[in-house]
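*Asks:* Below are the structure tokens for one structure; questions will follow.
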Amino acid sequence: MESRSKVKTYGKNRRYINKDIEIWASLDERPCALKPRNIENFNNQERSDLEHIHSKPKKDSLLSWNILLKKGSYKENELLAKRNQNLVPTVIIPASPRDNASKSVVSKKEVVNLSSSVALSGKPANNSKLDPLHRLLQIVAQEDALPFSQFVKSQTFEIQKIGEASYSEVYQASNADDVPVVWKVIPFGEDGQAQYADVLNEVQISQWIKVDGFANLHQVVVVKGTYPSLLLEEWDRYLMQNGSENDRPDSYSSTQLYCVLCLDHSGTDLEHFELRSWRECWSVFYETLKILSLVETRYEFEHRDLHWGNILIRKADRSEEEVSFLLNEISLDDIESVDFPGSQDKADDFDNILQVTLIDFTLARASYSQGIISYNEFNDPDLFNGVDDYQFDIYRLMSRVTKGRWAQFFPITNVLWLHYLIHQLLHKKNLSSPLTETETLMRSRLKQIFRLIDPVKTMQFQQAEDSIRSKSTVTSATSLLNWVRQKY
């Protein structure tokens, strides 16, 4: 097929049809970590926030952090990678599959990068002799790629294109029970397309992690062939209504490969979801924090690409009685004394008014049984050269922290993305100044945590020593969650 020279658009969200199906604004973005500031003097700052109920949040000049957020040189990244390529990372991994977060983590055994053919321990991986396609087929339990058109005919009753990203098309398909399922269709293997390592990483981590807060994976299928006419019709309809930045997929040859991920429809991405209150903003942050803490503990998980296109939101499934009780009959002053129905964690139940789902694990890192890990090697220089959005500064921060050691576990990368998330909630969702004590307190919490985990204040880069020092006691999503629960 004709080579596509399109530049990757990491983190640049695409347009959607309407608010009902504005989901997954950026499903194919490319995914990057820190160390520990003493937690002091926040009470005075919080009281100051409460006194200025009608004041608007100041616009942060995040892109002016020159010494910290300087664009990374790709050659520098290459040198760092070469410097560490012969080292065996001191990675902490689970000794066996994790069913709950209470199990302890033990020292590593054999560490295997499933998106590479080399075991980090120096021993060949079990599937290292397989070419990338057959390794992917092995993971999804297929002997060969299925004909694309045959797969579509066997699966769908109704289908509609609802979005796109640089490397994929997103469709909503209804199954036999009329339950909506999202298809993420990823052409891969050719120039200008997703690479095998990217697809392997996302598929493997999606299969490993089965927790609330991650989209339920129904099926992964590798297919081959020209683009089915049914999907082309939907592609054209979407183009007429919304435009498209992707090439029309009719140019794909009969040998073109695709990976199709079939997942639950989990809501609207945060960029397009309309938040109506500071309480809802707090709910988005707190639910995201809890999810990250859980998977950090169970799987040594780092998302490494948690921009607001990869956070899906929908209203929490609650009965009318629960909603009435939580939102109408109590105030924040009552939280510590009220007996909440059906929950032993009062604060969690009160804050859980929205349901959050994290998606897109292309750049993520996770551990599984017997020392096996999956991660992305961040080989694309474009990832570290983005401008005009705090998201791109986070990639550079992660690069400074990891120094090319992407296999290792740096949970503070999750804290970096939580700082980005609070920035988006405070400054990009256009909420009005709070007018009630409850709303003021919710915004005050976010601003307090924003200061607490500010990487400019908590990280000290020692350029001469080529090292990083941290002054913070918050070094992971788990430690931040513990702090939040103790504080509030």
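All positions are counted from 1 along the displayed chain.
Even glycines carry a Cβ here, placed using N, Cα and C.
What Swiss-Prot shows for this protein is this:
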- 156-488: domain 'Protein kinase' (DOMAIN)
- I162, G163, E164, A165, S166, Y167, S168, E169, V170, K184: ATP binding site (BINDING)
- D305: active site, proton acceptor (ACT_SITE)
*Asks:* As a test of reading the model: what is the averaged pLDDT for the domain 'Protein kinase' (156-488)?
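*Replies:* Result for the domain 'Protein kinase' (156-488): average pLDDT 88.
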*Asks:* Whole-number Å only: compute the distance from the Cα of the residue listed as 'active site, proton acceptor' to the Cα of S168 (ATP binding site).
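*Replies:* Their Cα atoms are separated by 16 Å.
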*Asks:* List nothing but the largest Cα to Cα distance in Å, as a whole number, among the residues I162, G163, E164, A165, S166, Y167, S168, E169, V170, K184 that the record says bind ATP.
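*Replies:* For the residues that bind ATP, the greatest Cα distance is 15 Å.
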*Asks:* Would you please pick out, from the binding-site residues S166, S168, the one with the fewest other Cβ atoms within 10 Å of its Cβ?
*Replies:* S166
*Asks:* Once the chains shown are all counted, how many other Cβ atoms turn up within 10 Å of the Cβ of I162 (ATP binding site)?
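*Replies:* By my count, 24.
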*Asks:* Can you tell me how many other Cβ atoms are located within 10 Å of the Cβ belonging to V170 (ATP binding site)?
*Replies:* 24
*Asks:* Of E164, D305, the recorded positions given in the record, which has the fewest other CB atoms within 10 A of its CB?
*Replies:* E164
